[in-house]
Amino acid sequence: MEKHFNGSADCYTLDLYIKHHYLPIMYGVIFLVGVVGNLLAFTVYLVKLRPWKSSSIIMVNLVVADLLYTLSLPFLVQFYATMNWTLGEFMCRFLRFCFYFNLYGSILFLTCHSIFRYIAVVHPLKAAQIQRKRWGITVCLAVWAISLVEIGPMLSMITTKKKGNTTVCLDFASNDPNVIWWYGWILTVLGYLVPLVVVCFCYNRIGNTLGISLSAKRPSRLRTQKLTVMILVVFIVCFLPYHILRVMRVHSLRSNTTSCLYRRGVNAAYTLSRPLAGLNIVFNLALYTLSGDKFQQAFYSLVTVTMEPFEEVQLATSLNLLIRLIWNQPSPSATHVVDSYLP
C-alpha cells in the first residue's frame, strides 16, 4: 500500500506545489470573507430579525455551520504554508471533520430551504404552517443529526502520516483507499446526489408555478429565478467538481495500474476543487440577501446606526446601486408576494 502514497523522483510533483502555494491563499481569502460576512449575517439575524420564522432558523443554522468551518481555516493555512502538521492527530481529525460537516450540513440546509420555498409557492395553503418555529427547529435538529451520522465514521479514517522529518495531516481522500472507497460513494450518493435531485425538482416546480401564475416581470418571479440560479450554482459549480474528483482521487490510489503521473495529476485537480467547495460560504452570503427584503433592510439599519444622516444616505445609495448592478433587482422597499414567508 505504501506505493500509493509516495511519488517517485521522476514524477512531477504539481500537486505538492498547488498545496503549498494555492491552498493557503484560497483558504485565507475564504476565511477573511467568511468570518466578516457570516458574523455580520449572524448579527443581523440575532439583533434585527427577531422573532424568527422557520426559514430564518434554517438560515441562522447555515450561518453557524459556515462560521464553524471558517474558524478552522487558519490552522489549514498554517499547515499548507509550512507543509508540516504540528497540532497532533486529534486536531487533524477534528479540522477535517469540520470541513465535511460544513459541506454536507450546508447541502442539507440548502435542500431544506428549497423544500420550504417549494411548499410556500406551489402549496400556498400550507405556507402558514411551515412558518412556525417548531418546523424550523425540528428540521435543523434533523440536519445536524444526519450530518453527524454521515460524517461521524470519518473520524476513525483520517490520520496523520510521517514523511521524513515532517508530519502530514492527510485529507480524507488521501487515506487508505480500500477503507474509504465505499464510504466515499455513500457520501456522494446520499449526501450530494439525492439532495441535488430534490433541489432540481423543487425549483422546477416553483418555476412552472410562477410561470403560470405571475407576469414574467414581477419582482417576486425575478427574485425566485435569481435564487434558483444561486443555489444551483452552489450545487453544480462548488460541489459537483469536488465530488467527481474525490472519487477519481480515491480510485487512482486504489488501482495498481495507474501511473505516478496520473495519480499526481488527479490529485492536483482534486486539490484545486477543495477550496472551490469551500466557496459555497461566499455564495451563501449572497443567498441571505436574495432570500428576503427584510434582511437587506435589517443590514442597512445595522450598519447605519452610528452614522450621520448624510453618511447614511451615501451608504444606502451605494449599497442600493451595488445590489442593482449585481442582481438587477429593485431596492429593498419593493413588495414581493412569494417572499412573504421569508425573513
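Quick reminder: no glycine exception, Cβ is built from N, Cα and C everywhere.
Unlike curated entries, TrEMBL annotations are predicted automatically.
Lifted from TrEMBL, the feature list:
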type	residues	note
TRANSMEM	25-47	transmembrane segment
DOMAIN	37-288	domain 'G-protein coupled receptors family 1 profile'
TRANSMEM	59-81	transmembrane segment
TRANSMEM	101-123	transmembrane segment
TRANSMEM	135-160	transmembrane segment
TRANSMEM	180-206	transmembrane segment
TRANSMEM	227-245	transmembrane segment
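Outside the transmembrane segment (227-245), and at least 6 residues removed from its termini, the chain residues within Cβ reach (under 8 Å) are 103, 107, 110, 113-114, 117, 188, 192, 195-196, 199-200, 203, 206-207, 266, 269-270, 273-274, 276-280, 283-284, 286-287, 290-291. Counting residues 6+ beyond its ends, the transmembrane segment (180-206) has Cβ neighbours under 8 Å at 100, 104, 107-108, 110-111, 114-115, 117-118, 121-122, 150, 153-154, 157, 172-173, 224, 228, 231-232, 235, 239, 243, 246-247, 250-251, 254 in the same chain.
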